[in-house]
Amino acid sequence: MNVLLGGLVIFATFVTLCNASCYIILNDMIPGDSTNECTDLKGNKHPINSKWRTDNCDSCTCREKEISCCTLVSTPVGYDTHKCQKIFNKEDCRISVVEKNDPSKTCEVNAWIM
């Protein structure tokens, strides 16, 4: 029974890690025109097949017809929202969960989702 439970926990962890939040931005294409770059939402240009990280911690890739981006940030769920708060760190793309009254103490988080 413990082996089965352990296997389910490992499986659930991989499903959570692989279920990233992603979106696509279509490139403005003119029929007959070939382009070798993408323009992101901020107006920055990126060469085809290049990758970059946005200020909001999304990992993006420029492709011929679109830009595809996926979040790098796991979001905590299943914690005491009355006692604890989320703090987002853009430098390392992580959210920490700490006590509202004493931010030096971390809170227990039951699950993380992408």
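For all residues, glycine too, the Cβ spot is worked out from N, Cα and C.
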Swiss-Prot annotation, disulfide partner of Cys93 among Cys57, Cys60, Cys62: Cys57
Disulphide bridge to Cys38 as given by Swiss-Prot, partner from Cys62, Cys69, Cys70, Cys84: Cys62
Cysteine paired with Cys70, where Swiss-Prot records a disulfide bond, from Cys18, Cys22: Cys22
Swiss-Prot annotation, disulfide partner among Cys69, Cys107 for Cys84: Cys107
Cysteine of Cys18, Cys69 paired with Cys60 via disulfide, per Swiss-Prot: Cys69
Disulfide-bonded residues near Cys22 (disulfide bond), in sequence order, restricted to Cys38, Cys57, Cys69, Cys84, Cys93, Cys107 and a 10 Å Cα cut-off: Cys69
In sequence order, the disulfide-bonded residues (Cys38, Cys70, Cys84, Cys107) whose C-alpha falls within 10 A of Cys57 (disulfide bond): Cys70
Nearest of the disulfide-bonded residues (Cys38, Cys84, Cys93) to Cys69 (disulfide bond) - Cα to Cα: Cys38
Cα separation, Cys60 (disulfide bond) to Cys70 (disulfide bond) (Å, whole number): 7
